[in-house]
Amino acid sequence: MGKKVKKEEEPPAKDVFDPLPIESKSAATVVLMLSSPEEEVLAKACEAIHRYAEKGDENKGTLVGLGAVEPLARLISHEDKVVRRNAIMALGVMAAHSDVKRHLKKLDIIPSVIGRLLPEEDVVIHEFASLCLAYLSVDYTSKVQIFDHDGLDPLIHLLSSPDPDVKKNAVECIYNLVQDFPSRSAVRELNGIPPLLELLKSEFPIIQQLTLTTLALITNDGENRVALRENQGLERLLEFLGAKEFSDLHVEALQVISNCLEDKEAMHLIQETGGLDKLLQFAETATLPEVQMNATKAISRAAQDSENRKILHEHDVEKTLVSLLAVDHDGVRIAACLAIAVMCDLLASKDSFRNHEGVRPVVQLLSSENGEVKEAAALALSKLTQSNQLNAYAVFEAEGEEPLVQQLSDARDGAVAYAAAVLTNMAAQETLRPGILAHGVTPALAEALQSGNSLVLGNAALAVAALACDSEGRAELRNAGGLVPLVKLLNSNNTEVRCNACWAALVCANDEPTAVELCKLGALEILQDINLSSNRRNKFSEAALLKLLDSNLSIKYSLTGYLSPTDLITDGFYDPGQVKPGHRILTLEDLSKQEVNQHRPVILVDGKPHEQSPKAITDHKKFHDGSWVSNNSSLNVTPTVCKTYSSYQRVSTESAPIDEKQQDGLGATRSPSVLSKSSTKEKTKGKNKGKKDDEKQKDEDEIKSPQETITENKPGIPSSDSAFHALVSEAAKAVLPLHDTREQVIGLAKLVADAMGGDVERDKLHEFSWELHLSELKYELKSNIVPIGKIKKGIFYHRALLFKALADRIGINCSLVRGDYNRAWNEVAIVEGSPKVPGPRLQPKTYIVDLIHRPGRLMKNSSPEAIQYQTI
């Protein structure tokens, strides 16, 4: 036998690569391996990147720099299940990095990630795919993309996953998505509310918290609240509140309940199940202030509905809210005050809060060092005192006016606005007003009127209107400089501020000094401008303008050309002529400073008696023949009817002969028809020759005419008008005793005509040189202002003004109407027949009084004679 020879091994095939185990310590090398065609290499490389990325954000950033994001994004759709799993694990962890998210958005990876949520994928892929979407859904554009690619449906299915991490990631992603309105309704349509409610039973607090915050967003939609009730969501939430082990999540649960209680159906449901009493008790007895605060907010949200307020009132919610005011936590107190403010929309609640001694604790909060607490307390008080007299007195009894006035200077606009509102409500009670004014409220309001906040301005203007109801309040406002900012507010672009400012101006205009000051500040022009605008005009601006004009009849007549019978002309009235709306009317003082000009004179009515010695007043002549001089015992005139008049006694004077219609010392003519029958005419001279020269000189000095007296004054506003004063006295003696209104009107008309040049025939009116006469008076007085008693040749508008001024003093009701081209007339209402005759009540007829052609003639308003009298 031969020797055995060892068989040699066959060499490996030349086209086969021998296996090469690689151990790499470089991330760059592993990233390069992501391009390998081998599944095993890809799986191991993805696994290694996942472990590396989990170690921190710095590693994630490194991987981004090495270009790992793009190959990983491709590999999550790989055919091999292990490669897909490891790739999505690595990408899910890396998606927490902002740079990774930016790259993923550019790569449009969301559809691929949503594809990994399908039921056939294993739990690990679900976990990291949902984690990746949770990170990406923080961005708005990614939310839209997830929604558009129907990503919400698979996420809702994952809420029922057995894996808690999958549930957590899915609910977190849904929470991010439902921050947009379309996703909220989509959750309901995809039946997502039941699985969300099931998550409340989870043993993981993070899942419960995410679920509650998601439900809080979803239940902002009314239809979602209905779906929640239909799935017994309210009952589950109330059970959740009753579990002490979930106390750290009660705040979030209360937010959901708060949303649900906006619906009256939810309120009825929670009432029927006894949950409302539990909720109120829970709010009162909870140990955590944050929980009490949110429970109170839930009550406040529920009280937004009128029916809910009634239900809460039936369950004595006022007692609960008053008890919460005593909690030593500012957040709870603020929430309680806000809830009180909402509940006060129910009138019965206002009384209930007072009965539960709730007003005083709120007043005490005005002294808090926390600005939000003071603001909330002022808001609650403003609601409590609104249209509630007893609560206003309760605030006063709790000494709330002082801190409220102090709060008007607070830095918080809301605190100032609500404090002003409370003071407005309190000032509606007249007995409380002096106490408020005594604490210096007016200067504080004057400062508030200069705020830049519209709420503050509106409420401050209302407070001014409430506190300036008497002369004392208006005087304080003037002295505090409050009229200047108030007038500026009339031009406000805010409708409410403008209306309230007009209301305040309306109240202030009841006082003549305040009305004059308002006019000086330009309020009249502003109100005219407002009323000319259809958009800015309001009922308060119209009333304020009328009231301002009623307090300044000179301006009223100049602007409107009309004075009603109730507009009584008093001393100081002047007629500067017709002025177009929007133009400023100068004051009498300003007019007196002007140089004598060519314009029509300003007619002044001033019936104050001239200041001279008693002897001079006694000897002052009235009638043309000098037979009537002052004596207080000879006239029986009621002072309330005729405020300024002189009385006269009959004396005998011996002077130069005077004709029957000769002018008196005032230059006026007097007709015998209006003179006393006992008047005598002296036509002889020389009867005074027996007097001593010194006595004669003394008489001449004492009987100096008013004309001479006025011309001795300095140029400017004439100090008195003795001639008009005498006319008032004459009207009181000759006209007032007449019992018939018609006779009084006729007698007064003749008196006026005689005082201003007598009757003038229509065809000779052009020969009546009244213009020259007025020019001479202006030159004589060295002023553009002419007292009406000085005018001895007056035309239509002079006579009509004199008639009105005299009629107002002796109690004859008449109006004054300005026409065109120096026309003016008076309208009087006269009852025809005897009012004692049985039958229907007699209606007065309106007549126009002729003062120039046939003085005393009464013309019906629509008659041809009256129309001709009013026109040229």
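From the backbone N, Cα and C atoms, a Cβ is placed for every residue, glycine too.
Database features, via TrEMBL:
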- 150-192: repeat 'ARM' (REPEAT)
- 291-552: domain 'U-box' (DOMAIN)
- 357-389: repeat 'ARM' (REPEAT)
- 440-482: repeat 'ARM' (REPEAT)
- 654-718: region 'Disordered' (REGION)
- 679-705: compositional bias 'Basic and acidic residues' (COMPBIAS)
- 720-859: domain 'EDR1/CTR1/ARMC3-like peptidase-like' (DOMAIN)
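For the repeat 'ARM' (440-482), the DSSP counts in helix, strand and coil order read 31 helix, 0 strand, 12 coil. Remark: secondary structure over the repeat 'ARM' (357-389) totals 25 helix, 0 strand, 8 coil, with classes taken from DSSP. Helix, strand and coil residue tallies for the domain 'EDR1/CTR1/ARMC3-like peptidase-like' (720-859), in that order: 64 helix, 22 strand, 54 coil [DSSP]. Residue counts for the repeat 'ARM' (150-192) under DSSP (helix as H, G, I; strand as E, B; rest coil) come to 30 helix, 0 strand, 13 coil.
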